[in-house]
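Visitor: Pulled the feature table from TrEMBL, pasting it below:
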- 31-50: transmembrane segment (TRANSMEM)
- 34-254: domain 'Cation efflux protein transmembrane' (DOMAIN)
- 62-83: transmembrane segment (TRANSMEM)
- 95-116: transmembrane segment (TRANSMEM)
- 136-154: transmembrane segment (TRANSMEM)
- 200-218: transmembrane segment (TRANSMEM)
- 224-243: transmembrane segment (TRANSMEM)
- 369-389: region 'Disordered' (REGION)
Amino acid sequence: GTIHLFRKSQRSLVGKLTHEFRLVAADRRSWKILLFGATNLICIGFLLMWCSSTNSIALTAYTYLTIFDLFSLVTCLISYWVMMKKPSPVYSFGFERFEVLAVFASTVLAQLGALFILKESAERFLEQPEIHTGRLLVGTFVALFFNLFTMLSIRNKPFAYVSEAASTSWLQEHVADLSRSICGIIPGLSSIFLPRMNPFVLIDIAGALALCITYMLIEINNYFAVDTASAIAIALMTFGTMYPMSVYSGKVLLQTTPPHVIGQLDKLLREVSTLDGVLEVRNEHFWTLGFGTLAGSVHVRIRRDANEQMVLAHVTNRLYTLVSTLTVQIFKDDWIRPTLSSVPIANNILNLSDHHVIPMPSLKAADNLNPVTSTPAKPSSPPPEFSFNTPGQNVSPVILLNTQTRPYGLGFNHGSAPYSSVLNQGFGIPGMGATQGFRTGFTNVPSRYGTNARGQPRP
C-alpha cells in the first residue's frame, strides 16, 4: 500500500460543519426546509427595516417570532441529520439529544428576546416617541402570513412533540376557557376549539390582533403609548408560551424520569421482581434519551441455580414494552458461609508473647468449590455487588498487641517480667511458667501451687 510520510491534518470545525451540512442537503426532504429558511431571512430583513421606519417596538416584538421560526427550521434540519446518523463509540446512545438541545436553545433565545422587549418598553414609558403607521399594518400581515405558512407547511417533529408533552401555557388555558364558553353556545365548533390549540399558531394570531388594535388606536386618537403596551403584551405571551417548553426540554437534558411513566415503570419492576429466580432488583434508573425515547439500566440479583440467559430474556421482554434502550446486568447470589477449621490445636497455643498472631483458616480452596452446595463456581464471574459482610471471608491475620496488665492469677506470662519478680512482691497467688499447661490436656503440671507469705511451702 501507499506509505504516507506526513500525517493528515485534522479537519477544522468549519470543515466538519460543512461536511455535515452537505450530508443533510443530500436528502431531498431538506430542500423544502432550506427554501423556507432562505425566504425567512428575506422576510426578516424587510421586517427589521419596517420596524426602523415605523419606530414601533410592538412590530419589533412580533418580528422576533419570525426569527424564532428560523430557529425552528434549523431544529427541523437537525432532526433530519439525527435520523441519518448512526450511533458511534463516542455517542453510544445516538444523536437524539441534539434535538433536545436545539429545542432548549431556541426557546431560551426566544425568552431572552422577550426580556429585551420588556426592558426597551420600560424605557419608552418614560419618553414615548412618535409612531408612524405607514407600514405597520403591512408588516403585521406579512409576518402573520409567513409564520402561519411556515408552521402549517413543515412538519417539525421536535417542536410538535414538545408542544404536546409540555404543560399548557397561561395563554392556552385562557383560550380554552373561552372556547368552552363559545362551544356551549354553538356546539358545532367543539371539533375546532375544544382540542388543545397549537401554541405557536395561537401566539401568532394573538400578536397580530394586538398590532391591529395598536394601528386603529394610533390612527384614531394618536395614542402612541398603546404601541408600548402591545409590545409588553406580545413579550409576555412569548415568554409564557416558551417557558413550559424550556422546562420540559431542560428536564430531558438533566436525564430525569418522565412523571407520566413512573407508575408504569413501578408496575413493570414489581412484575420483574416476581419472576422465577429473581431475588432482588436494584439500582434502577430510567431517563428520557430523546423525544419519545426512554432509556434505562437495572441490576438484577438471581439465585445461584437460576439460568442467567433465561432470566435476562424475561426481564428484557417485560421492560422493553416501555424502555426501548435497556441495559440489564445479572448478578448471581455468591453468599458463602465461613469455613470451619479442622486443624488440631497445638500444645503451646496458650503461650502468647507480646505480639500475638492468630492465624486464620485460608479460603483459597473455596474459590473453586462452594462449601455449601459443592458446585464449582465460575472464576470469571464479576465480584458480587450485592454481597453481604460474611464473617470469615477475605480476612487477613489478626495481630493483637499485648499492652494491658492482666491479673497474675490467670497464670500467663506478661511481657519480660521474670518469674522471681512475682514471688518477691509478696503475693500468695499461684503462677505458672512458660512451659506449664492445664492438667486436662497438657504436661508439666506442678506438684505444688506456690508459697505462702512466710516462704513456707503450702500443702
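Glycine residues also receive a Cβ, built from the backbone N, Cα and C atoms like all the rest.
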Visitor: So which residues does the transmembrane segment (62-83) touch in its own chain, when a touch means Cβ under 8 Å and the partner is 6 or more beyond its ends?
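Guide: Same-chain contacts beyond the flanks: 20, 23-24, 27, 29-30, 33-34, 36-37, 40-41, 43-44, 47-48, 51, 94-96, 98-99, 102-103, 105-106, 109-110, 113-114, 117, 139-140, 143, 146-147, 150-151, 154, 156-159, 203-204, 207-208, 211, 234, 238, 290.
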Visitor: Is it true that the transmembrane segment (224-243) and the transmembrane segment (95-116) have 3 or more Cβ pairs under 8 Å, skipping pairs fewer than 6 apart in sequence?
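Guide: Answer yes: the transmembrane segment (224-243) meets the transmembrane segment (95-116) with 3 or more Cβ pairs below 8 Å.
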Visitor: With Cβ-Cβ distances below 8 Å as the criterion, list the same-chain residues six or more beyond the ends of the transmembrane segment (95-116) that contact it, or say none.
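Guide: Long-range Cβ neighbours of the transmembrane segment (95-116): 61, 64-65, 67-68, 71-72, 74-75, 78-79, 81-82, 85, 87, 157-159, 162, 235-236, 238-239, 242-243, 245-246, 249-250, 252-253, 289-291, 293.
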